[in-house]
Amino acid sequence: MSEPARLISPEKRGEDLDMTLRPQSLDEFTGQAEARANLKVFIEAAKNRGEALDHVLFVGPPGLGKTTLAQIMAKELGVNFRSTSGPVIAKAGDLAALLTNLEERDVLFIDEIHRLNPAVEEILYPAMEDFQLDLIIGEGPAARSVKIDLSKFTLVAATTRLGLLTTPLRDRFGIPVRLSFYTVEELELIVRRGARLMNLPMTEEGAREIARRARGTPRIAGRLLRRVRDFAEVARAEAVTREIADEALTRLLVDNVGFDQLDKRYLNMIAVNFGGGPVGIETIAAGLSEPRDAIEDIIEPYMIQQGFIQRTPRGRVLTAIAWKHLGMQPPKEMEAAQFRLFQEDD
């Protein structure tokens with residue numbers, strides 16, 4: 001799979017874990033204004049009552065700040081922060097070890113909770129609801145149930161695929177928070193803040209050029225900023241201008257809306273091979289030699305949000321925006337066909 005090597009992948013990489021660029025408080029955090037305002041209220045109320053914050057579920061595409069917000073919440077609550085991910089918790093004993101080491105009101109963050117083992121998920125229910133572990137010790141006739149009391153903790157979980165969560169698990173989160181893609185203006189503020197922390201002189205136009213190509217995602221904005229800095233330093237530029245940012249990102253094959261070669265292959269395949277669609281996701285995955293999950297989680301969310309493609313009952317369809325971006329004319333019958341298709345959708 002080619003996706004991990006992509007510069008504009010929103011998935012985590014080692015360089016993205018640099019804490020110096022991350023905001024340390026809700027006031028420093030840029031974007032997600034409604035979510036931040038609500039979290040401030042919930043955190044303040046929990047602190048005033050001396051109680052553990054209710055369990056929180058963050059939902060949204062990768063790279064929007066779910067992990068950062070969880071860390072900030074623990075910091076503002078004045079408690080310890082523990083972090084893991086769904087695939088790492090392979091068996092009930094792994095979860096038990098995590099939960100029994102938590103202190104009162106601590107925050108446990110589970111990323112990719114939709115990938116949690118179903119057997120482990122069953123153990124999590126009483127832990128979240130009653131702060132108890134109900135474990136089966138031994139096997140066969142000698143097996144017995146053991147209840148272990150836990151400190152009252154806050155589970156903060158993150159998922160990119162809300163539909164993959166079971167209803168019993170989803171219903172146990174008292175505070176659901178949906179995160180959305182960032183505006184160019186918000187990303188520009190994030191880029192300028194990152195440049196200041198790097199001691200990197202940058203013009204407003206330079207910051208905006210990076211923000212425009214960051215796919216609405218702070219993690220990608222930070223990565224593009226680091227790569228543009230490399231080009232600027234080697235060129236011995238006094239500051240990152242729009243021209244320097246444009247040249248660097250163009251050389252890195254990131255176009256003016258943040259699409260790379262894989263995105264263009266996706267759009268071109270639908271346009272050229274299937275006349276603009278509709279075409280099913282499995283056909284697209286086979287044509288690109290990419291897993292379906294990667295297409296649905298990584299490639300498509302930003303395209304859909306920006307109006308480049310439509311999902312219909314019969315498959316993906318290119319919009320007029322996509323045809324214009326490709327520099328192609330849609331088939332003459334496309335407009336009438338799409339009109340009928342979306343009527344069926346209604």
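Keep in mind that glycine also has a Cβ here, set from the backbone N, Cα and C atoms.
Quick look at what Swiss-Prot lists:
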type    : residues                                                         : note
REGION  : 1-182                                                            : region 'Large ATPase domain (RuvB-L)'
BINDING : L21, R22, G63, K66, T67, T68, E129, D130, F131, R172, Y182, R219 : ATP binding site
BINDING : T67                                                              : Mg(2+) binding site
REGION  : 183-253                                                          : region 'Small ATPAse domain (RuvB-S)'
REGION  : 256-346                                                          : region 'Head domain (RuvB-H)'
BINDING : R292, R311, R316                                                 : DNA binding site
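In terms of DSSP secondary structure, the region 'Small ATPAse domain (RuvB-S)' (183-253) contains 50 helix, 2 strand, 19 coil. In this entry, L21, R22, G63, K66, T67, T68, E129, D130, F131, R172, Y182, R219 make up the residues listed for ATP, with the farthest two CA atoms of the set 38 Å from each other.
A simple Cβ count within 10 Å picks out one of the binding-site residues R311, R316 as the most packed, and that one is R316. All protein chains shown were included, and the count of other CB atoms within 10 Å of the CB of E129 (ATP binding site) stands at 12. Cβ neighbour counts within 10 Å, taken over all protein chains shown, single out G63 as the most crowded of the binding-site residues L21, G63, T67, F131, Y182. Here Y182 (ATP binding site) is positioned 24 angstrom away from R316 (DNA binding site), judged by their C-alpha atoms. Other residues of the chain with a Cβ within 8 Å of the Cβ centroid of R292, R311, R316, the DNA site, are G280, I281, I284, I295, E296, E300, I309, G315. Under a cutoff of 8 A between CB atoms, and with a sequence separation of 6+ in the same chain, the neighbours of R292 (DNA binding site) are I281, E282, A285.
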